[in-house]
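See structure below.
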């Protein structure tokens with residue numbers, strides 16, 4: 001009986017570990033062919049004769065991003081779309097810069113857990129569980145915080161100086177859904193009668209929010 005229980009626990013552990021991130025690679029490398037028209041779950045591989053060190057390199061996170069925008073923050077991704085060599089490796093990074101008062105607004109990553117390491121400044125961060133419990137903390141330079149896969153989370157710079165983090169993900173392309181933009185700036189638009197009932201507000205309030213979140217033309 002003990003042996004059976006141990007076998008079941010081991011099987012579940014292997015299954016959930018495999019399901020927690022991208023599938024494992026089946027060869028040394030599979031550099032993404034971003035120009036290929038073939039649609040697969042991920043990206044097709046370049047011929048190994050055509051790969052180079054450039055496929056595994058990026059300097060995109062070396063410099064702070066510009067934060068002179070509505071939210072006062074900027075996410076600079078280093079995922080498979082920027083580093084083709086990440087294809088099938090199940091990891092990626094981002095750099096997030098925050099102006100004083102800047103916000104990385106509530107969002108989710110449907111395919112990855114996120115871990116942030118503070119490069120500079122201080123941040124108020126948090127995520128909300130499916131039981132609507134807020135787990136939050138203030139973090140500063142050198143500290144780490146984890147946002148579980150799929151849960152709504154945010155980061156806010158309440159300091160008087162800029163802040164920055166490096167974010168690590170257990171997916172080559174974690175995906176991001178900003179809650180406000182998803183609901184109020186979708187194409188086609190989410191019907192007003194859905195949003196007014198969900199948020200218990202009037203049509204004018206919904207239209208006002210939609211106009212503010214509409215893509216700039």
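Including glycine, each Cβ sits where the backbone N, Cα and C put it.
Marked as oxalate binding site by TrEMBL: 104, 109, 114. According to TrEMBL, the Mn(2+) binding site annotation covers 107, 109, 114, 153. The annotation disulfide bond is assigned in TrEMBL to 30-45. What TrEMBL records for 59-207 is domain 'Cupin type-1'. Marked as signal peptide by TrEMBL: 1-21.
Take the CB of residue 153 (Mn(2+) binding site) and look out to 10 A: across all protein chains shown you find 23 other CB atoms. Same-chain neighbours of the oxalate site beyond 104, 109, 114, judged by a C-beta within 8 angstroms of the site's C-beta center, are, in sequence order, 94, 107, 108, 116, 147, 153, 167, 169, 174, 176.
Fewest Cβ neighbours within 10 Å among the binding-site residues 107, 109: this applies to 107. Cα to Cα, residue 45 (disulfide bond) and residue 153 (Mn(2+) binding site) are separated by 33 Å. Residues 108, 127, 147, 151, 152, 174, 176 surround the recorded Mn(2+) site, their Cβ atoms falling within 8 Å of the Cβ centroid of 107, 109, 114, 153, which are themselves excluded. Taking Cβ-Cβ distances under 8 Å and a sequence separation of 6 or more, the neighbours of residue 104 (oxalate binding site) in its chain are 71, 73, 75, 96, 98, 154, 155, 156. Broken down with DSSP, the domain 'Cupin type-1' (59-207) shows 22 helix, 58 strand, 69 coil. All chains included, 19 other C-beta atoms sit within 10 angstroms of the C-beta of residue 45 (disulfide bond).
For residue 30 (disulfide bond), the same-chain residues that are 6 or more apart in sequence and have a Cβ closer than 8 Å to its Cβ are 43, 45, 87, 88. The separation of residue 114 (oxalate binding site) from residue 107 (Mn(2+) binding site), Cα to Cα, is 12 Å. Under 8 Å, Cβ to Cβ, and six or more positions away along its own chain, residue 114 (oxalate binding site) finds 146, 147, 153, 167, 168, 169, 174.
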